[in-house]
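*Asks:* Got a structure for you, questions after.
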Amino acid sequence: MIDGVAGMKHPADGAGLHVGIIMDGNGRWAAARGLPRFEGHRRGVEALRRTVRAANELGVRYLTVYSFSSENWARPPQEIADLMGLLKLFIRSDLHTLEEAGVRVRIIGERDNLKPEIVALLEEAENRTRRNTKLDLIVAFNYGARQEIVEAARALARDVAAGRLNPEDIDEAAFAARLCTAGAPDPDLIIRTSGEMRLSNFLMWQAAYSELVFLPVFWPDFDRAAFEQAIVSFRSRERRFGGVGPAPVAKVASAS
Ligand code: IPE
Ligand code: IPE
Ligand code: MG
C-alpha cells in the first residue's frame, strides 16, 4: 500500500487488487528503433522485472502477466526459441530475488508441449516460492483462454462420467474451480500496452467484469508511472456488476 491522505486510499493504491497485464508491443518497440525483435523482447523482460517490483510497492496482491499465448507458436521458430530462452533466463536470474521479495510464482498454461528442461524450471519456480504470501505472480505462458475453458469442460465431463459429479451441480463455482486460475480472484483490472484493444485469448472467463485499460506505450517502456496511471484510471471507474449504482468501493483521495 502507498501513503495517501489520512484515512483515504491514494488514487494509485493497488492494495489487494488482482491486476492482469497483456505485455504487448516488444516487436514494434524494437522496429521503431531499427533493432531486431529480440532486443524488444529482452527489454520486455526488464520491464517485467520493474513491474513486479512496482506491483509489490503498490500493494497489488495478484499480478497475472501474459507472456506467451497458445497462438504465439505461429511465430518464426527463431523468435519462439528466443522467447523460450528469455523465460529460462528470467527464472534463473530472478528467482532468488522473487523468493526474497515474498513473491509466489505460479505458471498457468499448457505444459505438455514444452521442453522438459523448461517444465523443470517452471516447477522449481513454483516450489521454491510456494510459501510466499505478499504477491502472487501468475505467469500465463503457453496459455490460451479457450483451451483453458475446453480443458475445464473436459474435467467436468470426466467427473460426471466417473460418477463423482451430478450434472445438476455444475455451476459457475464448479467451472471456475477447474480453470487454471482456481483459487485466485478474478482480475479487477486488465492492462494492455501497445495500443491494441483486444484480449487475444487472455483470461476470457475471468475477465467478465474486469476493468480494461489500454495504454499507448509499448511494453518495454512500461514503468511504475504507467502502472500508477492505470490504477488511477481503474479507481475512477464505477463498477456496477450489472446493478444500477456504484458497488461500494474504497473511497480515494482526490490529491495525489
Ligand atoms: C509481446 O510483444 C510479446 C509477446 C507476444 C511474446 P510482441 O512480440 O507481440 O510485439 P508486437 O505486438 O509485434 O509489437
Ligand atoms: C498477446 O499478444 C500475447 C502476449 C502478449 C503474450 P499478441 O501480440 O500475440 O496478440 P495479437 O496477435 O496482436 O492479437
Ligand atoms: Mg503483439
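Note: Cβ is positioned from N, Cα and C throughout, glycine not excepted.
Found this in TrEMBL, in case it helps:
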type	residues	note
ACT_SITE	Asp24	active site
BINDING	Asp24, Glu211	Mg(2+) binding site
BINDING	25-29, Arg37, His41, 69-71, Trp73, Arg75, Arg192, 198-200	substrate binding site
ACT_SITE	Asn72	active site, proton acceptor
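Each of the listed features needs to be described in terms of its position in the shown structure.
*Replies:* DSSP assigns Asp24 (active site) to coil in the three-state reduction, outside any helix or strand.
Counting every protein chain shown, the Cβ of Asp24 (active site) has 23 other Cβ atoms within 10 Å.
Annotation note: His41 (substrate binding site) sits in a helical segment as assigned by DSSP.
Taking all protein chains in view, 18 other C-beta atoms sit within 10 angstroms of the C-beta of Asn72 (active site, proton acceptor). In the three-state DSSP classification, Asn72 (active site, proton acceptor) falls within a helix.
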*Asks:* Do any residues at least six apart in sequence from Trp29 (substrate binding site), in the same chain, have a Cβ closer than 8 Å to its Cβ, and if so which, in order?
*Replies:* Gly40, Arg43, Gly44, Phe218, Trp219, Pro220, Asp221
*Asks:* Where the criterion is a Cβ under 6 Å from an atom of ligand 3, which of the recorded positions Asp24, His41, Ser70, Asn72, Trp73, Leu199 meet it?
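*Replies:* So the answer is Asp24.
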*Asks:* Could you check which of the binding-site residues Trp73, Arg192, Leu199 have their CB within less than 6 A of ligand 2?
*Replies:* none
*Asks:* Show which residues of the chain containing Arg192 (substrate binding site), separated from it by at least 6 in sequence, have their CB under 8 Å from its CB.
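*Replies:* Arg192 (substrate binding site) has long-range Cβ partners Ile21, Ile22, Asp24, Arg198, Leu199, Leu212, Val213, Phe214, Leu215.
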